[in-house]
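> One structure, as structure tokens, below. Some questions next.
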Amino acid sequence: MTTRNNSYSSSQTALLFGGLILVGVIAPFLVYPTLLMKLLCFALFACAFNLMLGFSGLLSFGHAAFFGGSAYITGYLCRDLGSSPEIGLLAGTLFGGLLGAVFGLVAIRRAGIYFAMITLGLAQIVYFLALQMGFTGGEDGMQGIPRGQLFGLVDLSDNLAMYYFVLAVFLLGFALVHRTIHSPFGQILKAIRDNEARATSLGYDVARFKLIAFVLSAALTGLAGSTKSLVFQLASLGDVHWHTSGQVVLMTLLGGLGTLLGPVVGAITIIGLENQLADKVGSWVTVIMGAMFVVCVLAFRRGIVGEIKALLQGKGR
């Protein structure tokens, strides 16, 4: 029975990644590549956030600090120091993880709204630093970040080459999230999320597991932010603004909290709608997004993917 389940799980995983790769390869011939790259960056951002909220039960309002902070680090290395894009991405990812460790050490022993407010407060400090420090460009942002050549071989100034690189980064991050939540470590995180007191009574160091999850989520968020800075050749204050933290919460809840594909669907929905509606309704986009959030929370509490999953399971009985 176990062998059959493992085989079924492996085939599901192969089908999932095969489908993602196939769609990813074909997509730039059907949709504008720059829009797709933005979708992939925010999809990775949402997947990283979901690892913490959906599977660890930790609500952060400060993830924009990792997203935007890493974008500035990558931009500084690539533009001002002449580093290659792979070095810039690696540094941005490490910075995100390091900043996550700092946030985590301060906030991790708090719970609920106190944890969320501490992360928001720390993120506002990062926003202030981004506004005041000289190398960030202040309100103008860091402009003219070169895409460079990947490993000195692939010219990322070509939009199609850049797209496939971003796709590879997303798939790598998505695979890491998938592996994490299906590992023994992931099962412990779910146990902590569902019943922290019971997990503690079983002998697990809850604070340590939470901190590791927080750092991993922050590092992947940093990777997403760094990649976005190369795509748009820009790191701006908007990347570290609290609105960005709220946006990723909306993406995760709308797509399906605690589901693997939910954040991806949520990111596609939000970014896609923003792209389609921005020219038509202007600033009313924010109002529409807010209304969607309210409807989602009240009527579709499991999110798009969660509701579809529940519907299919109901039919299968």
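Yeah, the Cβs are placed from backbone N, Cα and C, and that goes for glycine too.
Straight out of TrEMBL:
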TRANSMEM  12-32  transmembrane segment
TRANSMEM  39-67  transmembrane segment
TRANSMEM  87-106  transmembrane segment
TRANSMEM  113-135  transmembrane segment
TRANSMEM  160-177  transmembrane segment
TRANSMEM  248-271  transmembrane segment
TRANSMEM  283-300  transmembrane segment
> Tell me, please, if the transmembrane segment (160-177) and the transmembrane segment (283-300) are in contact, taking contact as 3+ Cβ pairs under 8 Å between residues separated by 6 or more positions?
no
> For the transmembrane segment (283-300), name the stretch out of 12-32, 39-67, 248-271 with the most CB-CB pairs under 8 Å.
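Per the Cβ count, the answer is 248-271.
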